[in-house]
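Trainee: Sharing the features that Swiss-Prot gives for it:
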- D91: Mg(2+) 1 binding site (BINDING)
- D91: Mg(2+) 2 binding site (BINDING)
- 91-95: motif 'DDXXE motif' (MOTIF)
- N228, S232: Mg(2+) 3 binding site (BINDING)
Amino acid sequence: MKDLFRISGVTHFELPLLPNNIPFACHPEFQSISLKIDKWFLGKMRIADETSKKKVLESRIGLYACMMHPHAKREKLVLAGKHLWAVFLLDDLLESSSKHEMPQLNLTISNLANGNSDEDYTNPLLALYREVMEEIRAAMEPPLLDRYVQCVGASLEAVKDQVHRRAEKSIPGVEEYKLARRATGFMEAVGGIMTEFCIGIRLSQAQIQSPIFRELLNSVSDHVILVNDLLSFRKEFYGGDYHHNWISVLLHHSPRGTSFQDVVDRLCEMIQAEELSILALRKKIADEEGSDSELTKFAREFPMVASGSLVWSYVTGRYHGYGNPLLTGEIFSGTWLLHPMATVVLPSKFRMDTMRFSLAPKKRDSFP
């Protein structure tokens, strides 16, 4: 485990400016919609103290939904944002559970997803997911809902395997990690299914089963995970949970003499390669299907999950520390000084041209 000792001694690294050529947008009503989503969460979780409120608001989950589905109808976007909050918390709950708790927890979540549970849950996270799923089942058409339930079930099984491996603190192989993270990320449900739901896309069975549809799902999921593992590394580093991160995996399987910076640079190259893959698939689908195809509509909208995730990963206090003045809505690059409390980057920041809104709420907005 010498690689982990090398990681534990890292104090800083150079963060390049990540590419973001995938079309990016944010819902024009993002301020009021994200506020509504986050206020709903504060109310449901009965969060009253100012410090905890600040953490919720600076996590910017409501804003994340507005970036993932910028062209959604308002009411569907609000529901997608509620679902995003629920899945984030369920993911945290799953990853903090022991391997002995996992089978029952998986069964409970599966039952909540498919509506087979009448139990009253004392765990507020499970109660929250139950309420969200009641809304989703009422709003989502049955074929899409069936696919959603299948996606959640597959992700739960994959998370169970991941928890077992994390308990052993073992580092998987490169391809093994890639496939495992695809499976555990809930991205097909949170990104793919929710894109279809929010935009009103109706894919045929043939389109769903086509290889190029699966390629696009995988490529967007891989891009989201690569960015996540890079920009959340500080949080995982100080949480002691960096065995399952692209940086650890690449370092462990790289030739002798490979530096931490070499691995960061390689990870950034992988992000760029995945971006190019997404753009190529987007064009290929449009060329083959035509502009009116439902699959073309999906290929136009779904990649925004990747670009939205990239931007959100730069502005969330969940990764970079709450109350951090660095999080202004700009993409940053430069020397990243690892610090237990917050992301510190010196000296350069580069404004992102595609982001043309302030993260500050309007004066008329108020929080509970």
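FYI, residue positions are counted from 1 along the chain as it appears here.
Placed from the backbone N, Cα and C atoms, the Cβ positions cover glycine too.
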Trainee: Tell me, roughly as an integer, the mean pLDDT over the motif 'DDXXE motif' (91-95).
Mentor: 89
Trainee: Fewest other C-beta atoms within 10 angstroms of its own C-beta: which of the binding-site residues N228, S232 fits that?
Mentor: S232
Trainee: When DSSP states are grouped into helix, strand and coil, how many residues of the motif 'DDXXE motif' (91-95) land in each?
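Mentor: So the counts come to 5 helix, 0 strand, 0 coil.
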Trainee: DSSP on S232 (Mg(2+) 3 binding site), three-state: which is it?
Mentor: coil
Trainee: What's the CA-CA gap between S232 (Mg(2+) 3 binding site) and D91 (Mg(2+) 1 binding site) in angstrom, rounded?
Mentor: 15
Trainee: In Å, rounded, how far does the Cα of D91 (Mg(2+) 1 binding site) sit from the Cα of N228 (Mg(2+) 3 binding site)?
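Mentor: Their Cα atoms are separated by 14 Å.
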Trainee: Across all chains shown, how many C-beta atoms besides its own are within 10 angstroms of the C-beta of the residue listed as 'Mg(2+) 1 binding site'?
Mentor: 16
